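S.K.: What follows is a single structure, and I will ask about it in a moment.
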Ligand SMILES: Nc1nc2c(ncn2[C@@H]2O[C@H](COP(=O)(O)OP(=O)(O)O[C@H]3O[C@H](CO)[C@@H](O)[C@H](O)[C@@H]3O)[C@@H](O)[C@H]2O)c(=O)[nH]1
Ligand SMILES: [Mg+2]
């Protein structure tokens, strides 16, 4: 973060919470397009950057998803069990290294080749996370275990193999409702990969 440039001056930062993630209230001066400076405050939630991967199989025309409980949804009028592409926080690792590790931990597939497709900010008004998107081909020979995540960390991940057509239909019905997962499924369709 640059604290000062021609258009932005950070005036103060006040930690509101420093626990799992960091919630900070920033006061900054912003120079508007008409040249006037305006003082503003914004809360920023920082819990690091992340990576996500969609596993696909051309022959079976299928994808590998995970289903796990997500508390933030549960407290916002959803049952909480969300279908998602495998994802994780970087924790100091390079995105490609992290996502290979995460894919095996969560889905049980060990992938040699992963392809980076794009980077996106998923909630830019409040969350600082930058998310790195990957895809990779899987087949049964790459299966090393049953996945499921790390019990000690409270993970209880169900691995779901789904027809690609069923997954695309599930976006329309709302059964797949996770942003990063929708983006990767649509990427496979748009690029004609599946
Ligand atoms: N103690 C504690 N543990 C937490 C907390 N939040 C998450 N964890 C634990 O931290 C681990 C995070 O797992 P990852 O696989 O690394 O991340 P994720 O939860 O799947 O996904 C996150 O990253 C994605 C990609 O950046 C995001 O898309 C997703 O929203 C989420 O933040 C899990 O074991 C989870 O239980 C918390 O507030 N307290
Ligand atoms: Mg995860």
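Note that Cβ sites are derived from N, Cα and C of the backbone, with glycine treated the same way.
Note that the coordinates shown come from a computational prediction; the quantities given were computed from them, not determined experimentally.
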S.K.: Of the residue ranges 22-43, 44-65, 66-87, 88-109, which one carries the motif 'Nudix box' annotation in TrEMBL?
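M.R.: Result: 88-109 is the stretch TrEMBL calls motif 'Nudix box'.
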S.K.: Of the residues 18, 155, 161, 191, only one is listed by TrEMBL in the Mg(2+) site with 87, 102, 106. Which is it?
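M.R.: Looking at 18, 155, 161, 191, the one TrEMBL places in the Mg(2+) site next to 87, 102, 106 is 155.
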S.K.: Near the Cβ of residue 102 (Mg(2+) binding site), how many other Cβ atoms are there if near means within 10 Å?
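M.R.: Result for residue 102 (Mg(2+) binding site): 23 other Cβ atoms within 10 Å.
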S.K.: Fewest other C-beta atoms within 10 angstroms of its own C-beta: which of the binding-site residues 106, 155 fits that?
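M.R.: Result for the binding-site residues 106, 155: minimum number of other Cβ atoms within 10 Å at 155.
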S.K.: With the Mg(2+) site defined by 87, 102, 106, 155, which remaining residues of that chain have Cβ atoms positioned within 8 Å of the Cβ centroid?
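M.R.: Not counting the recorded site residues, we get 66, 86, 88, 103, 105, 107, 149, 157.
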